[in-house]
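Straight from Swiss-Prot, the features:
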- 40: active site, nucleophile (ACT_SITE)
- 314: active site (ACT_SITE)
- 317: active site (ACT_SITE)
- 161: N-linked glycosylation site (CARBOHYD)
- 280: N-linked glycosylation site (CARBOHYD)
- 1-26: signal peptide (SIGNAL)
């Protein structure tokens, strides 16, 4: 594994932070909070507080690996739960919308079906999530917010719905839509920054055309739906430059970007290298790719015998095994996966210290030396 230059920088800059530390795997890290925003990938159980309708993720087999459905779109824990553990937070990240929940070490504001441009009534768009955070902001001190980590994973719903509703969209229309989504994303990040957040972790979009639901609905068989993948790639290409610009114009703005697209693509193309036997269909559901109906009481869903051999648990969401692997990469991997620094390095990077390295195009040869 390559050693990032930012790793050395993180060691040199850690000394001012020697108070309020937690020890994780022998390493001292600041005791800060974790706040997540986005869609169903990060929803810790918020959606059930926005509707009275029965939601499939509240029922078995969701939560199967933990024998406890908690409203998460997985067979068990999700990425933020593992990140919280790595950060020394003694419990899974709680849903912010749950009345009376302990949010002292952060919370999840993410909601299933959320998008950037606008969401249905039983969800919250990204800017609505940020406004909800602002309504609760008195729970945390200003300096605590500034030192905490803010993770964002969103955009899947925007592009999936656009593709379904505009199957024959011309290239110019696709480009215009990507621009509108990313411009709004930038505005929402600015809103969160103006609320006091300064340390951001942004997930790029996965190859959306490779989701089991995309293969099933667009009838691509074993192939991915490349039109959807192209939209994801266009979106991803704009995120890094947006964040670079913000870091260059706001001295206390710090960020890193997780290359979720290529992490998923590698596991799809070379699945046995990562010990996944099945990457093109879901563990739970019905249909050609078992991509519909998981958890619905009126659907006799097929459930795989061993979910840990699957990359996807349901139509759009990864298994707990995959989510844990992603969390390890986010927290401690090299720039081949997350750049310009990982979350461990971001945690110890001094507040108000300008960034010295920025996001680079992952097609750059030097970022392609190691595969994760």
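Glycine is treated like the rest: Cβ placed from N, Cα and C.
Here the features listed in Swiss-Prot are painted onto the structure.
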{"residue": "40", "record": "active site, nucleophile", "DSSP class": "coil"}
{"residue": "161", "record": "N-linked glycosylation site", "DSSP class": "helix"}
{"residue": "280", "record": "N-linked glycosylation site", "DSSP class": "strand"}
{"residue": "314", "record": "active site", "DSSP class": "coil"}
Sequence gap of 6 or more, Cβ distance under 8 Å: name the residues on the same chain that satisfy this around residue 40 (active site, nucleophile), in order along the sequence. 47, 73, 110, 111, 112, 113, 114, 156, 316, 317
A 10 Å Cβ contact count, applied to the glycosylation sites 161, 280: which residue has the minimum? 161
In angstrom units, rounded to an integer, how far apart are the Cα atoms of residue 280 (N-linked glycosylation site) and residue 161 (N-linked glycosylation site)? 21
Integer Cα-Cα distance in angstrom, residue 314 (active site) to residue 161 (N-linked glycosylation site): 18
Cβ neighbours within 10 Å, counted over all protein chains: which one of the active-site residues 314, 317 has the most? 314
